[in-house]
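Structure record follows, encoded as structure tokens.
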Amino acid sequence: MTKITVFGMGSFGTALANVLAENGHDVLMWGKNQDAVDELNTCHTNKKYLKYAKLDVNIIATSDMTKAIQFADIYLMALPTKAMREVATQINDKLTSKKTFIHVAKGIENGTFKRVSEMIEDSISPEYNAGIGVLSGPSHAEEVVVKQPTTVAASSKDKNVSKLTQDLFMNDYLRVYTNDDLIGVELGGALKNIIAVASGIVAGIGYGDNAKAALMTRGLAEISRLGEKLGADPMTFLGLGGIGDLIVTCTSTHSRNFTLGYKLGQGESMDQALSEMNMVVEGIYTTKSVYHLAKEKNVDMPITNALYRVLFENISVKECVKDLMERDKKSE
């Protein structure tokens, strides 16, 4: 039995906390929202994010950062990318011993263009850092929490951290593979959110399967081009952290990124769509980061560029589709 603190009380953090508790581990969740903490401790639910799920009664929650830090030596960082550096810095300020960090965020930091493991590494003093890893792949929280068969990848620069992650989470409904390509697994998880928003737009407009298939295929090509430029193994993008995550996020209404895109394709404004969803949509922030990163690295990413224009320059979605279709002739 291992003690684990889960930082973040969103849908995926909650679903994975439930996995860990059912695997026999002691789990403490930390969140800022006292109402959510009280609900979990009293009712064993988190209805804002997982409306119908009843959670393991052994999971406890707190809003006390010091208590959360002292509880365990392994931390599951289940926070939005934009909050990761701030919370990791707060944790670091209170640490007195080494901790292992496993994150499940899928984004790239605006401005620095850093992957999430790099953000954590920046924020945690070396004397307190026992290793950093990621758990990623095609894994909707809504399915994990009701024990639908799910398969993901664990990756780290330290093989011991990858193996630890595999051992902690794997059970009869959650299969975990290890993968040595941390860069590729993190980039696959982040970049697919861009394509998922675009895929939602295509569905919202009402285009058919041909367009959806083309978008995912050419989207994967963009992901691979940038990934290879940044040091990833291109083969990683044919695995769970790449095409696996891409498929599930581009084809399901469980996906916040797809849902946002669908609403935009239906004619809603971004502000209107986000107010209805009331959740963090990582693809917005990732699109902004990757648009500028691709220009810096001189990588051709036409779908990302088109989505950036829709999200940040108020170009109509149909105009962007037209521009994509009328690009210069090229070989595949």
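Cβ coordinates are placed from backbone N, Cα and C, and glycine is handled just like the others.
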Binding-site annotation, Swiss-Prot, sn-glycerol 3-phosphate: partner of Lys106, Gly137, Ser139, Asp245, Ser255, Arg256, Asn257 in Lys48, Lys51, Lys192: Lys192
Recorded NADPH site residues Ser11, Phe12, Lys32, Lys106, Ala141, Arg256, Val280, Glu282, farthest C-alpha pair in Å: 22
Other C-beta atoms that fall within 10 angstroms of the C-beta of Asn257 (sn-glycerol 3-phosphate binding site): 26
Count of other CB atoms lying within 10 Å of the CB belonging to Lys106 (NADPH binding site): 26
Least surrounded among the binding-site residues, given as Asp245, Glu282, when other CB atoms within 10 Å are counted: Glu282
